[in-house]
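J.: Can you keep this structure in mind? I'll have questions shortly.
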């Protein structure tokens, strides 16, 4: 099977799984993205090990899952159930408190782990470098991905799959527009030292197509004004490619082509969701400020 065939087949299957899980229920949405962000963190730590660092991967993944759950608890996650389900009436404050406590103690736990295993064989870096890499993974990967639950719950109405669909459509529009414009008109390199294939023409094409899709999303989210949709589309169109470039720089710095092999023809999940790492923090701030 050719690489193009693999990309098409597994791309379609991945999109069906993604959209189906988001649409089916808040439970399947939360389960899918909890697994996705944990896997992305594993891929990040694996690349860091390729560079000679030895971050505490298991502890990092455990904290990342707790972080995802705590952000969900801060939203209207409980409204995904009906009143007959105990979770709908539960006080989840303990989860938030546990998450805050563990996050505060995390640097101490990571340093204790280094003290226990120091000195390490074949360790070119100081032990505190491992602590920094472990924390960086949580800040770079886990925290932004956890913010997706904040966007998925639009307030008193609870879970709204349309918000997630809209974000996915905008990210895909940015990729498709950039690819089409870059292939047909691309001449001027955007960042040749990081990603030689990207061009300014592709970036402009992706920006324009994303704005068009953002304007068209009124049929999906009629309650959102056109200016707000265009602002969100602009955030995706600008920050999405920057997130992709950041991950490309990371991969080049450690000498790997893909972050993983979980999706034949597409690399790892970090390769697929790298744009989200720059987009989600800004969209979360917009939601907190404007409440939309």
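Even glycines carry a Cβ here, placed using N, Cα and C.
Given the structure is predicted, the values throughout are model-derived calculations rather than measurements.
What TrEMBL lists as transmembrane segment is 12-36, 56-74, 94-112, 133-153, 165-182, 203-222, 228-248, 269-290.
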J.: Based on Cβ pairs under 8 Å, which of the stretches 12-36, 56-74, 133-153, 228-248, 269-290 lies most in contact with the transmembrane segment (203-222)?
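T.: When the Cβ pairs under 8 Å are tallied, 228-248 comes out ahead.
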J.: Mind checking which residues reach the transmembrane segment (12-36)? Cβ under 8 Å, same chain, six or more beyond either end.
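T.: Beyond its ends, the transmembrane segment (12-36) has Cβ neighbours at 65, 68-69, 72, 77, 80, 145, 148-149, 152-153, 158-159, 161, 164-165, 168, 263, 266, 269, 272-273.
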